[in-house]
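First comes the structure, then the notes that go with it.
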């Protein structure tokens, strides 16, 4: 620390200062992001004079809450609230008194923090709804301004141990980075401390067994152990103590309460034994336990941060400005100023700034960042255009229908964020068991101390300590996360990234597996697979392909890539050969090569004078013509993944019902289903159709696994019991899914079903061992038959056994799939196609 003071709150600032805010042209040091945000908000509201007229002498301030309240009252000014507070009712409502504030909360560490914040704030007068996101640390608070001031809400957040300031993207990123760095430091201290203190523990245990270690050496080793373990307890384990204190304040015995009692009690007893040479020490046990728990929580933290960044990445696709019609002229205005019914012009290559309706003409729109579909979608007058999609072909005008939080993209992001705050049911059960368990242990410890105080007062404390240590729920705390971490790591190495805890237990109950087609069962890459010349055509197949590639080289359409890749010519030479190339939206392309005019595209475009039917009905067929005379048919297909057939077969052998849901046309879906031996399929399905289909199955008691690859599948993925996304899916689809096949290999799905069986078995074994050991050792410790050092050894060994048992999952062999007869699907599973029944 130095004499440098925070310009806003006057508290000391660590050197070098990290946070600065500009006040009247000067960069002033800040102690934290909260003070930086407050200062910037004051300056943005034109209230710099606040700092000239305030009284800030620290020795005159005696009431911290009063001082804090005075500082927070600046947020009650409407000119400052305009950046992070919005009406919760339509602006046209003259009696509007409901507002929603977007805040960033510092200090959130787990789901219990979310529960505490939401329940505490919702109990306040005027507060209608509170939603806190664990991944992004963002809070949405809807309240009545006439009943409660915003500063009061902020003060209440501070009173329960958190800090709140206006939400800003850069502040959120800074907060996430700060949280990540802090966790890494805590983990490093715990890891290094554990390794060092274990070296000392080996010597102590050896001396205790042989009973020949001189006391001076024993005491010296204990002092060194205390020095090493102290930073682990006070720094690395600090989050456990803070969370436990919050749990106690809300009268909730969560897992952090027994963990903190075990760590704190063992550490204090060790200090007593160290300085008074009476009793045993447990520095190794508490250090190791802290390190293991921190490792599991850091992995959870990284997953939450990845989700938050993926959601922000989609938000960043929005353009900062757009062309809005003002008094008959188009002017560039910030997107934030758009309102429903505004008229906006979208140029080719521009991102669409809001949901809207196409007013004139036609164009094609790239929605790949939303849907994962690589083909641009043709849009006609009256069609809906979605925010963040890209206009490809022509300048068009749209009428804005939804802006900001009302757009489809915003709703998808909100759905994604809400989906993050879940916890495995078996982990919730462990928390509940631990709560009751610690309550019972504390009662037993009190009874044991009372009983031994009358029998042998000099032994009462150490026997009670043995009871507390031997029954410490360390192994119980590690039983579930250790197994889930090991299984998750094994699946990750196989190429399947699990992002939700309920996947590993939920897969065992899945009886219905539903696949999307494009990009899931298929590669998602168009390829030219067949060239069929007409009778009398003078060109060879190779020449026809080169001619087509020469024209398609001038197109950005994904189909064009199929010709260019297939052709031996490179793109530059093709562009030099073709002249006067024109793209016809939704029809095809035409151009001149060596004086001859060619067309490629739909049959009625290539040869308008005749209705020609393709040779087959599966795949996509394009007709090429010259001077209105047909030359050949080109077949464009999306090839199946090579492992798709074997994967479906393995799922059938496991007794799973497999269904194919696709938005593609009936012939294409039917051909794909037939080639994969999928008996249940449905074509031309919109996202709403898919969701309705899944919900119908769930009402009949089926458990659904959905595998998709686009953001248009997000509602369906959210509706399924378990969802998976392919590794090449859109960013938001991957982060919204419960698991991601990052390898793109569908066979990993079947492997995951096998692994979940073992994972559940390991978790049950761990829980049985942890509870069984504690219950068996408790009577012995209460009878004074277990010395404290033996209890510490048993606690450490119990935790190690749990971890070692979990690590057996890392040596899991791919289990052979036992044949089963496929289950007979219900009526909802007998999927009908257009005009047929599967």
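Glycine residues also receive a Cβ, built from the backbone N, Cα and C atoms like all the rest.
Remember, predicted model here, so these are calculated numbers, not experimental data.
Mean pLDDT of the predicted structure over the domain 'HMA' (99-165): 81. Residues or ranges marked as domain 'HMA' in TrEMBL: 99-165.
Feature annotation from TrEMBL assigns region 'Disordered' to 816-838.
Residues of the same chain lying 6 or more positions beyond the ends of the transmembrane segment (187-208) and with a Cβ under 8 Å from any Cβ of it are 217-218, 221-222, 224-225, 228-229, 231-232, 235-237, 281, 283-284, 287-288, 290-291, 294-295, 298, 789, 793. The feature transmembrane segment is assigned by TrEMBL to 187-208 (among others).
With a cut-off of 8 Å between Cβ atoms, the residues of this chain six or more beyond the transmembrane segment (220-241) that come close are 109, 185-187, 189-190, 193-194, 196-197, 200-201, 203-204, 256, 259-260, 263-264, 267, 270-271, 273-274, 281, 283-284, 286-287, 290-291, 293-294, 297. Taken from TrEMBL, the feature transmembrane segment covers 220-241 (among others).
The transmembrane segment annotation in TrEMBL covers 253-275 (among others).
If you look up TrEMBL, you'll see 281-299 (among others) marked as transmembrane segment.
What TrEMBL records for 433-455 (among others) is transmembrane segment.
Residues or ranges marked as transmembrane segment in TrEMBL: 461-484 (among others).
The transmembrane segment annotation in TrEMBL covers 767-786 (among others).
Taken from TrEMBL, the feature transmembrane segment covers 792-809 (among others).
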Inset, instruction - Count the residues of the domain 'HMA' (99-165) that DSSP assigns to helix (H, G, I), to strand (E, B) and to coil, and report the three numbers in that order. - result: 22 helix, 24 strand, 21 coil
